[in-house]
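**Q** As annotated by TrEMBL, transmembrane segment applies to 14-33, 45-63, 75-97, 103-125, 132-153, 173-195, 207-225, 237-267.
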Amino acid sequence: MATMTFYRSLRIRWTRWIMPLGLIVALFLGWLWPTPGKYLDDTPLQSICIIVIFIISGLELHLESVRDLVRLWPSATLGLLSILFITPLFALALRHIPVDSFVILGLGVFALSPTTVSTGSVLVAQCRGNMPLSLFFTVFSNVLAVFTIPFLLPVLLLGPNSGVSFTLNPTDILLQLTYLVLIPLCAGRIILRPITIVRLWSERHKLFLKLFCILLLIIIPWMKMSSSITAFNKISAAQIFLTAAIGIAMHLSFIAFNWTMALLCCFKPDVTKAVVIMCSQKTLTVGFAVLASLPNSQDGLYAIPIIIGHLVQLVIDSILASRWDVKDKKSARSMAEPTELISVPPA
């Protein structure tokens, strides 16, 4: 039993870190050997990868537990507001930071994105957070973001201080996100999941589907890096470190706001964990889908801040979830220890 628990824990930790390692390898591969990725970037492969990812995400959605969230409507509502409207306001601050336009647009798109599809839920499960609430944030933020991003992006990111020269049509972005995100997600949940054979197969091969989605997600920045290699070679190491520093500041500000909100609202510990992690994380996939709709040939350059932001949030939240887990285990052990009774000799 202990061996099975050890291997299960090892597998969870391994699958958690395979995506950031894969993203780093993809960036280096696209930098060192750009020819294959540059060729594939001229094909519809990026759109196919995003569509398949959201079909699988829809197939794996368990909406049964969401019905039990009626009593948690305050935390669910405040969390959605934080994900979709409050944390995106960081994009306004980016416009006043003296950095290159690719950093402003990349991290700005990342700030506007909904919460992660799987990474956040894994961390919430690790620290014994409220899983139905984390699932609620995943489903509804990714669906609603299709309708909020097209109208928030021009307002928050484009302006005299943004350094971004092109214009955006909200309708074009809305249509792009609808067919890349919303339709595949609904198709996986409404069409494929009710098919018993498909549902049972997906439940037996969860690890395979997770790794397959990670592979598809890694392919996108590899192609983008390859196609933007000329522009990337002009970026200095100082710009990369500055982007990482801004990404750290952005994610820590998200955590600080969501944690403060949870404390002021007196949420229970498991609800607080779900709110802090899920409402502070941003997903790569929707960010890449937004970049695909931008009228610019250097969208691969804009993808680099998104990747850096994702790596930063994964490291920070993994440390946070681990500390919560250790704290809970210590508390459980102290509660389980029997109190020593002082024996009184008989008279």
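Glycine is treated like the rest: Cβ placed from N, Cα and C.
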**Q** Verify whether three or more Cβ pairs under 8 angstroms connect the transmembrane segment (132-153) with the transmembrane segment (75-97), leaving out any pair fewer than 6 apart in sequence.
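**A** Touching, yes - the transmembrane segment (75-97) and the transmembrane segment (132-153) meet the threshold of 3 or more Cβ pairs under 8 Å.
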**Q** If we skip the immediate neighbours and take only residues 6+ beyond the ends of the transmembrane segment (207-225), which ones have a Cβ under 8 Å from one of its Cβ atoms?
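**A** Distant contacts of the transmembrane segment (207-225): 11, 15, 18-19, 22-23, 25-27, 29-31, 34, 37-38, 40-41, 45-46, 49-50, 52-53, 56-57, 59-60, 118, 232, 284-285, 288, 291, 299-301, 303-304, 307.
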**Q** For the transmembrane segment (14-33), I need the partner stretch with the highest count of C-beta pairs below 8 angstroms, choosing only from 45-63, 103-125, 173-195, 237-267.
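**A** The stretch with the most close Cβ contacts to the transmembrane segment (14-33) is 103-125.
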**Q** Taking contact to mean 3 or more CB pairs closer than 8 A (sequence separation of 6 or more), are the transmembrane segment (132-153) and the transmembrane segment (45-63) in contact?
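**A** As far as Cβ distances go (cut-off 8 Å, pairs 6 or more apart), the transmembrane segment (132-153) and the transmembrane segment (45-63) touch.
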**Q** Mind checking which residues of the chain, 6+ beyond the ends of the transmembrane segment (237-267), have their Cβ under 8 Å from one of its Cβ atoms?
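**A** Distant Cβ neighbours of the transmembrane segment (237-267) are 74-75, 78-79, 82, 86-87, 90, 94, 97, 99-100, 103, 106-107, 110-111, 275-276, 279-280, 304-305, 308-309, 312-313, 316, 320.
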**Q** With Cβ-Cβ distances below 8 Å as the criterion, list the same-chain residues six or more beyond the ends of the transmembrane segment (45-63) that contact it, or say none.
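**A** Same-chain residues near the transmembrane segment (45-63) but 6 or more away: 117-118, 135, 139, 142, 179-181, 184-190, 192-193, 198-199, 202, 206, 209, 212-213, 216-217, 219-220, 223-224, 285, 288-289, 292.
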